[in-house]
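This report refers to the structure that appears directly beneath it.
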Amino acid sequence: MEVMNLIEQPIKVTEWQQTYTYDSGIHSGVNTCVPSVSSKGLLDEDDTCGRQYTLKKTTTYTQGVPQSQGDLEYQMSTTARAKRVREAMCPGVSGEDSSLLLATQVEGQTTNLQRLAEPSQLLKSAIVHLINYQDDAELATRALPELTKLLNDEDPVVVTKAAMIVNQLSKKEASRRALMGSPQLVAAVVRTMQNTSDLDTARCTTSILHNLSHHREGLLAIFKSGGIPALVRMLSSPVESVLFYAITTLHNLLLYQEGAKMAVRLADGLQKMVPLLNKNNPKFLAITTDCLQLLAYGNQESKLIILANGGPQGLVQIMRNYSYEKLLWTTSRVLKVLSVCPSNKPAIVEAGGMQALGKHLTSNSPRLVQNCLWTLRNLSDVATKQEGLENVLKILVNQLSVDDVNVLTCATGTLSNLTCNNSKNKTLVTQNSGVEALIHAILRAGDKDDITEPAVCALRHLTSRHPEAEMAQNSVRLNYGIPAIVKLLNQPNQWPLVKATIGLIRNLALCPANHAPLQEAAVIPRLVQLLVKAHQDAQRHVAAGTQQPYTDGVRMEEIVEGCTGALHILARDPMNRMEIFRLNTIPLFVQLLYSSVENIQRVAAGVLCELAQDKEAADAIDAEGASAPLMELLHSRNEGTATYAAAVLFRISEDKNPDYRKRVSVELTNSLFKHDPAAWEAAQSMIPINEPYADDMDATYRPMYSSDVPLDPLDMHMDMDGDYPMDTYSDGLRPPYPAADHMLA
């Protein structure tokens with residue numbers, strides 16, 4: 001059949017979305033034929049008839065374009081040469097000869113002669129393929145200048161026909177390599193694609209670039225020819241096959257061509273890609289979302305562009321509505337990248353991202369589950385007030401039973417944040433055996449602070465300020481968690497973990513039944529040791545006039561406050577009170593009354609208030625000269641501090657002479673109790689005032705992302721689940737850790 005007749009036949013178009021897969025071609029190395037344009041005859045390979053194949057290849061150019069007599073003679077000689085080589089090397093390979101072999105075969109049977117001839121036939125076939133490959137390359141190379149000229153023709157009909165021919169050539173490996181080696185032809189294809197308004201021409205030219213993009217040489221040729229801006233322009237095409245060719249070609253460029261990401265960004269590729277999230281073809285969406293991930297990773301400007309174009313909403317919608325695993329995985333990768341962007345995080349959460357991601361935590365795809373877990377963890381610090389997370393919380397509690405380090409890191413971190421300042425979530429986790437699961441996670445974690453620290457923080461949240469807090473406090477003891485928790489106070493544990501553990505111990509001490517186990521675990525000597533060490537370190541900086549530095553994001557003043565506060569609660573028990581007194585702590589507590597930090601003054605006055613209930617301790621407090629600072633604290637702006645100071649003064653004045661007692665009484669009345677009879681009564685009876693108490697002292701924890709390339713630092717919030725306001729001297733942040741993640745390929 002002649003070439004021009006073939007070209008003029010209607011092009012058979014099939015639904016490309018039914019045929020293409022997520023692999024855009026370069027991964028498998030398959031010489032993918034363009035699924036949307038198929039034509040029989042032109043450049044089709046006929047393995048059984050070498051002569052017919054070669055003749056078709058020859059006539060493609062003798063009739064497709066006007067040629068000189070010399071060209072015709074050249075191609076005829078080329079055809080004759082190939083035919084002579086075939087007949088010389090494989091005399092049985094012609095159409096007539098091969099038909100004889102078939103004619104002798106009995107239907108359904110293979111003769112011994114045919115079996116013996118199989119190796120010979122295979123060799124002949126290989127030689128024929130080799131000859132045909134050479135023919136492809138020679139003919140394509142010969143035709144390139146003329147095809148380039150035709151692509152630049154002013155007649156759109158000529159351009160369309162030339163594009164069809166080049167498209168067919170791009171489907172065969174040998175001719176495709178010849179095309180890649182011609183910068184002029186690739187540039188002509190790019191220009192044609194960019195300037196055409198004809199849909200068939202657009203389809204053919206994008207198909208050509210798609211086929212070339214399966215090879216690194218082709219990617220480089222497209223890039224150098226300015227193909228990226230042209231391909232980005234094609235993302236606005238109404239033809240789905242054109243969209244597919246454009247997005248898969250861009251995908252291959254982003255994956256393997258250096259400089260492609262910047263070129264796509266400069267061509268406003270993100271602005272064109274984000275609206276494509278509204279398409280409804282899962283496989284097309286999988287490639288599109290992977291392009292977004294490649295562009296957004298490590299580039300803050302790209303993340304903001306995605307946000308400005310409604311990307312978070314589109315991505316969450318995909319996670320909510322689709323079940324195609326590759327699409328869910330690629331989409332979760334984009335969300336994971338965006339989830340470390342402070343601007344994108346609230347947008348994802350407000351779009352229902354937490355609930356949409358939670359749907360897939362029970363998926364059979366480990367990589368999807370892991371991406372969802374990391375993304376949930378990253379988002380959880382801005383989702384503490386989100387509703388409808390009951391199922392997510394239950395699944396996270398169940399995930400604590402697995403041994404995978406990444407799963408445990410994500411589950412504990414997310415639970416820690418979602419139980420912060422959320423009484424409903426605390427109650428739900430406690431009622432679903434969350435305390436027991438967290439303790440077991442701590443026991444299995446060993447020295448992995450990325451698991452232990454958020455688990456301790458979550459326990460600290462569960463043991464205070466919600467209806468089931470007392471149940472949680474008892475559950476820690478009943479599940480043998482107290483010894484393991486007290487051991488976490490030992491150095492060289494990281495200071496953030498130590499700080500969180502101190503807060504948890506204070507909460508556990510609120511339950512009287514926990515006092516004996518805490519004492520048996522030697523918690524008081526460890527707290528006192530930490531207190532002395534932290535205070536000495538803080539004092540050195542005060543004496544030197546330098547600002548208190550952070551150690552792993554924790555200031556020593558925070559440790560001083562935490563230890564003193566925990567000892568205050570423990571001192572409510574008579575046995576603990578005696579042990580604290582015997583450790584010679586009163587001089588240090590009196591010293592803390594002079595602190596410039598209001599919170600430290602309060603907890604120091606509070607622990608002295610408890611110790612002063614015993615006469616021996618009260619005398620020791622007086623002997624240390626505590627009266628003067630306590631008198632000053634009567635005028636404190638903090639009512640709790642003033643009340644504790646008044647109670648201590650009242651207690652140590654009991655054995656003083658009448659004049660001293662009268663002076664103290666007048667001072668107390670004038671400064672504190674003039675308008676508050678209840679406070680006066682409390683001071684007289686030594687009943688501690690129900691002053692809210694800070695138990696949340698944790699800083700941000702270390703960002704990690706399962707086995708993925710280092711992403712942006714995770715910005716976790718300062719946990720504020722305490723009973724009194726955040727420390728005014730701490731911003732709750734620690735320097736970012738070195739990234740230790742790698743993107744899943």
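Note: Cβ is positioned from N, Cα and C throughout, glycine not excepted.
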Per Swiss-Prot, the candidate from S182, S237 carrying the annotation phosphoserine: S182
Phosphoserine: annotated position in Swiss-Prot, out of S39, S170, S401, S665: S665
Helix, strand and coil totals (DSSP H, G, I; E, B; other) for the repeat 'ARM 5' (298-341): 34 helix, 0 strand, 10 coil
Chain-internal residues near S182 (phosphoserine), provided their CB is under 8 angstroms and they sit 6+ positions away: L144, T148
Whole-number mean of pLDDT values that fall within the repeat 'ARM 9' (470-510): 94
Recorded stretches the repeat 'ARM 8' (423-464) and the repeat 'ARM 2' (172-215) touching, at least 3 CB pairs under 8 Å: no
